[in-house]
Structure formats: C-alpha cells, structure tokens
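Asker: In case it's useful when we look at the structure, here is the feature table from TrEMBL:
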type	residues	note
DOMAIN	40-98	domain 'Chromo'
DOMAIN	182-240	domain 'Pre-SET'
BINDING	Cys184, Cys186, Cys189, Cys194	Zn(2+) 1 binding site
BINDING	Cys184, Cys195, Cys222, Cys226	Zn(2+) 2 binding site
BINDING	Cys189, Cys222, Cys228, Cys232	Zn(2+) 3 binding site
DOMAIN	243-366	domain 'SET'
BINDING	Cys326	Zn(2+) 4 binding site
Amino acid sequence: LIVAWYVPCLASLETIQELCRKENLTCKSLGITNRNLKSYEVEYLCDYKVEEGTEYFLVKWKGWPESSNTWVALKNLKCPLLLQYFHSDKNEYLSQLKRGKAVILKNHMKALNPVVAQYIVKKAKQRIALQRWKEELNRKKNHKGMILVENTVDLEGPPLDFYYINEYKPAPGINVMNGITTGCECSDCPAEKCCPEEAGFFLAYNKQKQLKIQPGLPIYECNSYCRCGPECPNRIVQKGTPYSLCIFRTNNGRGWGVKTLQKIKTKRFVMEYVGEVITSEEAERRGQLYDNQGNTYLFDLDYDSDEYTVDAAQYGNVSHFVNHSCDPNLQVFNVFIDNLDLRLPRIALFSTRTIKAGEELTFDYQMKDFKLFEQGPPP
C-alpha cells in the first residue's frame, strides 16, 4: 500500500523561481529550462500600446517574476500563438461587455483599457494553470486514454484540494485487497470454471468486449492469480479508461463536466469511479458538511451491505467531474477482480448507448433506473 502525502508550499512560485536562478538550477515544473535560464522566453502577453506609431506588447518572461516584465515592439516578437491568444482574449472580453474601447492617454499614447488588460492577464494565467494541471493528470493516470482540460466559459482554474488517484484510497483499517488466493486455470477464456461461473454468474462480456449482462448483476473479471494473460477478454475494467476524455467547464452553471473526445459504442466500459473508501459512519459525518456546501461526491457501496462509502471529493479520477442526469448515457456496475469482498466492489461506468465524440458523459447519481438495456438472456 502506497500512501501519498500532499504538503502545501510555503513560498510563492516567483520566490522559488528566483532561488532556482540564483543557484543556476533548472526546473521544468517551474518553467525554468536550459533554454531560458540565461535568456528570455515569452510566457504570455500582458498589455498593448502604440507609441510614436510603433506597436508594443508588455511581455511576461517565462521563469521570471512579473517585476521583470518589459515592453517589446511587435516587430521583435516571434510568438504568433501567444499573439493570437492575446487578441482572442481581448475580443472575447469586449464582446462580453459590448463596450470597452481603447483610450487615449495624456501623452498621446494609445493603450488598452486597464480592465481589459487585467482580464487578458487572468486568462493567460488560467491557460498556463490548466495546461500544468492537464500535464499533471496525464503523468498520474495509468490508463491508455488521454485527459484534456478546457475552459472557454469563465476564469475558473484547476480545483483546489483535489488529488488524482487511479484506484481506491482506503481509510485506516479498511483492506481493499483481500480474499484472492487462486484464479481460473483457463488458457482461453471464457471457458467452464472461469471466474464468473465459479462465482455463480454469467460472463459479463462478449468477444467484442461489449457488456452483455443487465444492470444490477455483478461483473467478475479474471484476477492476478488467473492463468490467462493480459489479452483475456475477461479483463476490461482493470485495464482502465480506453478513451480520451476532456474535463470541461459547462456553460449552464453546472461547474466542471466530462465529455468524450471519441465515439463510444453502446455497452462499453468508459471509466471507473474511485475515491477514498470510508465507513458509513464517517460518510454520514462528511455528508452533513457536504450538504452545507451544496455538493457531494459520496457513493455508497451497497451491493451487499452499506458498511462502506466511496468519497471522491478530495481524491478521485476523471469520474469526479461527471455530472448527474436523469437521462444518463452511463450506467453503474459493481465489479470484483482482486477483491471478492462483497462489501467492497469496484464501481465501473458503462455506456448505455452510442455516445458521439464531443458529447457530455453523465450518470444517474440516484441509480434508480435499471431498465436501460434491453431485457433478455445474455447473448
């Protein structure tokens, strides 16, 4: 069991950058590289003015504090993408206000309205913060699909006090790796005596890796003791999210959401819901706090009993950002792999229909509808 501790930094980003430069140290996460350690690289553009017929931009240099910002003539700038960002952010803000003209200063210098310039700087800082967050998420994930981050709605940056994890984070005294000592002897799953049959249930997938059981039934996948290899058709959830997904800011006040960047066929595994595994008593205590805050990420593990709950408020994966819908395109299933304790199933989300690329992913937080798939015997 690996326990990760997160300690807040006591110094500002700029202070650490200055210390690194004094010690001649590079640090990629701080934006200090061999390329800009002794030279200057444009990080973003802060402001604009025209003086004596020459256009100037105020430049924030990468890895340098804002006190080192300088005005640079447009003809000397070699950063077309950052110029594009500057103008698009400016136009976006002006269109929101439906006003906001350039002002003429006393010395006949043409300049942006300071409010517009402040917005452009905030957007630039947000863009950098979201890019760093995206890189962090993709470093930590252990699955094939990429994670993108997008906010074209407001100035909200990465969520504070949220830490990405790939699997359950059990509270002290809770063992989520318990009960597996043997596996199936199949050389070509599925076969008789394979894991689902041994547990008294149907094999969950067909040869196309498509779900074929009804909601409410458990999924038993082959485990680490099984003879079959990684290409076994009964190893789906354990391989992680196969699709590239995007955490995006919704434009209707629902905060963050998740959309797929690829077409997802019906009855396919999409993602797993992970978080802290806590007791129901602790969940009751936290639930009261979350209710006062107006949100909750508590997911009761009530397949067999109600002893445990998954809390994805502070620790979780992409599923933390999936919104609720009464007409969802994802369905919850209980999964057992390396732990057969019925009180501690893994929670997997499968598509209920074909989902188009760019479509938001949702599931029913109440999980009352178990009639999302056509009824009938497993194919």
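The backbone N, Cα and C atoms fix where each Cβ goes, and this holds for glycine too.
Predicted automatically and left uncurated, TrEMBL annotations should be read as such.
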Asker: Select the most exposed residue of Cys186, Cys189, Cys232, where exposure means the fewest other Cβ atoms within 10 Å, treating these as the binding-site residues.
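Answerer: Across Cys186, Cys189, Cys232, these binding-site residues, the one with fewest Cβ atoms within 10 Å is Cys186.
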Asker: Which residue among the binding-site residues Cys184, Cys195, Cys222, Cys226, Cys326 has the fewest other Cβ atoms within 10 Å of its Cβ, if you could check?
Answerer: Cys326
Asker: Taking the centroid of the Cβ atoms of Cys184, Cys186, Cys189, Cys194 as the Zn(2+) 1 site, which other residues of that chain lie with their Cβ within 8 Å of it, listed in sequence order?
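Answerer: Not counting the recorded site residues, we get Glu185, Asp188, Pro190, Ala191, Lys193, Cys195, Cys222, Cys226, Arg227, Cys228, Cys232, Asn234.
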Asker: According to DSSP, does Cys194 (Zn(2+) 1 binding site) fall in a helix, a strand, or coil?
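Answerer: Once the DSSP labels are grouped into three classes, Cys194 (Zn(2+) 1 binding site) ends up as coil.
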Asker: Determine which residues of the same chain, besides Cys189, Cys222, Cys228, Cys232, have their CB within 8 A of the center of the CB atoms at the recorded Zn(2+) 3 site, and list them by sequence.
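Answerer: Going along the sequence, the neighbours come out as Cys184, Cys186, Pro190, Cys194, Cys195, Cys226, Arg227, Gly229, Pro233, Asn234, Arg235.
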Asker: Going by DSSP, how much of the domain 'SET' (243-366) is helix, how much is strand and how much is coil, in residues?
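Answerer: Secondary-structure composition of the domain 'SET' (243-366): 18 helix, 49 strand, 57 coil.
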Asker: Out of Cys186, Cys189, Cys232, which of these binding-site residues is nearest Cys226 (Zn(2+) 2 binding site) by C-alpha distance?
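Answerer: Comparing Cα positions, the candidate nearest Cys226 (Zn(2+) 2 binding site) turns out to be Cys186.
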Asker: If you measure from the C-alpha of Cys186 (Zn(2+) 1 binding site), which of the binding-site residues Cys195, Cys228, Cys326 fall inside 10 Å?
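Answerer: Those close enough are Cys195, Cys228.
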Asker: How many Å separate the Cα atoms of Cys184 (Zn(2+) 1 binding site) and Cys222 (Zn(2+) 2 binding site)?
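Answerer: Counting only the Cα atoms, the answer is 7 Å.
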Asker: Sequence order is fine: just name those binding-site residues in Cys189, Cys228, Cys232, Cys326 with a Cα within 10 angstroms of Cys222 (Zn(2+) 2 binding site).
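Answerer: Cys189, Cys228, Cys232, listed in sequence order.
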